[in-house]
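**Student:** Below is the structure I would like to discuss, written out as structure tokens.
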Amino acid sequence: MENNKTSVDSKSINNFEVKTIHGSKSVDSGIYLDSSYKMDYPEMGICIIINNKNFHKSTGMSSRSGTDVDAANLRETFMGLKYQVRNKNDLTREDILELMDSVSKEDHSKRSSFVCVILSHGDEGVIYGTNGPVELKKLTSFFRGDYCRSLTGKPKLFIIQACRGTELDCGIETDSGTDEEMACQKIPVEADFLYAYSTAPGYYSWRNSKDGSWFIQSLCSMLKLYAHKLEFMHILTRVNRKVATEFESFSLDSTFHAKKQIPCIVSMLTKELYFYH
């Protein structure tokens with residue numbers, strides 16, 4: 001149970017559009033593809049860590065104490081998984097877009113996967129550069145299958161430590177018991193993405209000033225324990241449980257005291273993901 005100073009990673013909201021597609025057909029690929037991603041390329045891949053701590057005064061956003069602990073923990077964890085880690089600090093929204101564009105244009109053909117971690121303030125659908133918001137969808141679109149061909153069919157993981165709104169979770173007491181590939185196979189451009197959000201849609205995300213955020217602490221801990229034993233979704237389920245059961249906010253302000261948090265995983269992965277082979 002955490003009892004140090006806790007903070008949140010919050011800010012503004014955006015509309016989104018719903019499109020309806022009429023008609024469909026069944027497609028038989030003619031081949032039973034491997035059930036897990038090929039992870040034995042010469043390189044595991046790049047892991048970008050965007051760590052935004054200090055924000056322009058015009059944004060009205062506070063400094064994110066504890067985020068450097070997260071960045072260091074993530075660097076150690078993903079280097080241990082053989083990723084090429086690139087730490088980027090205090091990027092403006094323009095810097096972030098330029099970085100994503102640049103990395104997406106690299107040749108990833110000898111890399112097994114791609115990881116991007118964003119530590120910042122946020123709200124539903126947006127994260128904050130040091131000078132203002134940028135849509136998360138705009139950042140991830142650079143890595144779609146039709147734009148970044150050398151990552152097509154490979155896992156692209158986006159890990160987001162940021163608020164997704166201003167709701168607070170008070171918690172509730174429980175009463176419970178104890179490849180072979182086909183040359184011309186077509187896949188959706190949004191396939192093979194996974195988004196690991198620190199909190200559920202609409203909610204605050206908590207961060208400890210000394211130990212870092214609840215989510216990143218838990219993610220790194222579970223990866224170090226299970227990355228060479230379990231499939232990634234199973235690891236993330238353990239992360240969810242750890243955050244949900246082992247953390248609670250402590251604040252002198254009763255509005256923010258004794259609050260809970262649950263991470264949210266959105267997966268468009270099409271195969272199982274193991275960090276070992």
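Here, residue 1 is simply the first one shown, and the rest follow in order.
A Cβ is built for glycine as well, from the same backbone N, Cα and C atoms used for every other residue.
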**Student:** Could you check Swiss-Prot and say which of Ser12, Ser26, Ser150, Ser209 is marked as phosphoserine?
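**Tutor:** With Swiss-Prot as the source, phosphoserine is noted for Ser26.
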**Student:** Write down the residue from Lys11, Lys19, Lys25, Lys210 that Swiss-Prot flags as N6-acetyllysine.
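**Tutor:** Cross-referencing Lys11, Lys19, Lys25, Lys210 with Swiss-Prot, N6-acetyllysine lands on Lys11.
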**Student:** Pop the Cα-Cα gap between Cys163 (active site) and His121 (active site) into the table, whole Å please.
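**Tutor:** Rounded to a whole number, the Cα-Cα distance is 6 Å.
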